[in-house]
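If you check TrEMBL, you get these features:
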type     : residues : note
REGION   : 33-54    : region 'Disordered'
TRANSMEM : 141-162  : transmembrane segment
TRANSMEM : 174-195  : transmembrane segment
TRANSMEM : 215-243  : transmembrane segment
TRANSMEM : 255-273  : transmembrane segment
TRANSMEM : 307-326  : transmembrane segment
TRANSMEM : 338-358  : transmembrane segment
TRANSMEM : 364-382  : transmembrane segment
TRANSMEM : 394-412  : transmembrane segment
TRANSMEM : 432-452  : transmembrane segment
Amino acid sequence: MSPPAARQRYIANKHENNSLLKKPKKFLNATLRRENEKSGAAKTNNRKYQNERSPENVNVGVHTAFKTFVSARLCSAICADISDCDETYNYWEPLHYIIYGQGLQTWEYSPQYALRSYTYILLQGVPGWIYERIFHPTPILIFYMVRCMLGFGCALMERFMYKSICQEFGVHIGRLWLIFQLFSAGMFISSTALLPSSFAMYFGCASLAAWWQQMYALSVFFMAIATLLGWPFAVLIGLPIAIDMLWRKQMFRTFFMWSAISAATICIPMIVIDSSYFGKLTFAPLNILWYNVFTGHGPNLYGTEPWSYYIVNGFLNFNIIWISPVKYSTPDLRPDMLLSLLTPMMLVIDFIVVPAKTKSTLNFPRYITLAPYYLWLVVFISQPHKEERFLFPIYPLISLCGAITVDVYQRIFYRLKTLMVQIKAGTVGSHYLDHTMFIAILVMVIGTLLGLSRVFSLYRNYHAPMDLIMELNHFKNSNEYRSSRLYNVCVGKDWYRYPGSFFLPARNFRIRFLKSEFRGLLPAYYVDGENATRITHPYFNDMNQENDYMYFPYENCHFLIDFEADKCTSLEPCYSKDSKDWSVMKSLPFLIQEKSNSFFRAFYIPFLTDSYTVYGNFNLLKSIKK
């Protein structure tokens, strides 16, 4: 069902251009050469003009694309907030412990459960540890250095994928994918997140890119990294690769040999490192699979959502590339037409309406190259536990399917136009892109504007916690600060907005949890001394049951982070209004979701958003008595 390949047209045009540049052979006599020049001058000039002006030949070079990816990902590293508290407590805190010997520990890192791998943390931690030992920077600089490193790694993956998409799917689809990736709010969030799902995206999509270029050994190795070092569920992305190698190509030797090499290369060091940290034989990917698949409570304790959760979330992160158009009703978003999800149906229509005139030059049929995307959606939409980060591994594939669908729309439009207005083949402008680029440009412009609007809205509405806690660095430089004193920075109901210990100015600042309406299990500090990662604590459990050990006495707080939204209870009082105990060091606006319009809080529209959104004060309080 493959449509006419853009790659074939690109190769043909390139060959034709090259043939124009060839010098005539010396043995041709001058008369024959002049006659050929006269008779073919019009055709040659016509072909040359057509090839030069055709949108198919306007290609963005791989190196240029890489520079744009690096620029976009560095912007993400600097400006993106931490959107998931799991990133803070399960990854940034253990990383802080590895570098500084101090940090919060969650139950997943308790030796009795051992769901998380220290090997994955060390991959990010070793460069940060070296940076700290050589230059002795402040912790916040290490935080942003690690983020920039993640962004650069993501840009490398996107460069590799861009090249593969241009070769396998066509230059035009590659251009569309490039624009969709650069201005996607989803990629802005996921590209620099310290999460296994982002890591699985880097190497899972790199594996697909290697597969599309028929680099099978590299594809297997990258998939092993994504699955074993990153996230075990990334194996879903690799299933179509395995089917292609074992069933279609029957490459049994290559598949099993490189699977064994990859497993040995990754698993042996991983087991040795994790077993050393946990004090017992440990294989973390197996533990997390067992907990989430084979226990009755694993996937159902947290964040259960309806199937529409991913539909709404996909629109927020990919706008019209995911859903087009959309009807809005407060407070829900209801999709009418799914752009990237329509790709299979659109390819069928394309095959019927615009049949291929020649044999396709694609290395793989569409049904298998796009299978990882739809397989992932089927599995994760059916799961009760849904989170935004669960879709991170397929974010580049959303852009790809959206680009393919736009290309199909263009071909179908051109086909219908030719049925109504006869366009003679071979004349200037007969290429379908000459008549349909307005469709691609319209989608790119709308997608870019909505993507930038969403990114700006995220920064404007939710970046306050990261900016606020950095105010403690000014306190550290003041005359009030004492290096010999331990300062307790407390959080209550806003515990999940805490950005991490890297934002604390020194080791004598500690984050503390106050009792609130939340009834789940909070993290606790690693104990001091050697082998802290091997100690089993009685206050941890895998049922998300509250334990009072994690709570700190209110009267011992030196600083307090409090979001003032006029919702006060006995366990969550309005600390900011207690002027006898607290003074406001700094206050920043933070969105109150319940009082804001669902569309205007998601996208920033100049001159309109402020009329439909309400902000509260996110305050950093300093104890007057202490």
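Each residue, glycine too, has its Cβ placed from N, Cα and C.
For the transmembrane segment (364-382), the residues of the chain that approach it from at least six positions outside its boundaries are 1-2, 168-169, 204, 208, 212, 236-240, 243-244, 248, 307, 310, 340-341, 343-344, 347, 390-391, 393-394, 397-398, 400-401, 404, judged by C-beta separation under 8 angstroms. The stretches the transmembrane segment (174-195) and the transmembrane segment (255-273) are not in mutual contact, being linked by fewer than three Cβ pairs under 8 Å (pairs 6 or more apart in sequence). Beyond the ends of the transmembrane segment (432-452), by six or more residues, the same chain brings 53-56, 172, 176, 179-180, 183-185, 188, 318-321, 406-407, 409-411, 413-415, 417, 423, 603 to within a C-beta distance below 8 angstroms of the stretch. For the transmembrane segment (141-162), same-chain residues at least 6 beyond its ends with a Cβ under 8 Å from one of its own Cβ atoms are 62, 65-66, 69-70, 72-74, 76-78, 92, 95, 99, 124, 127-128, 131-132, 174, 177-178, 181, 187, 191-194, 198, 201-203, 205-206, 208-210, 396, 500, 502-503.
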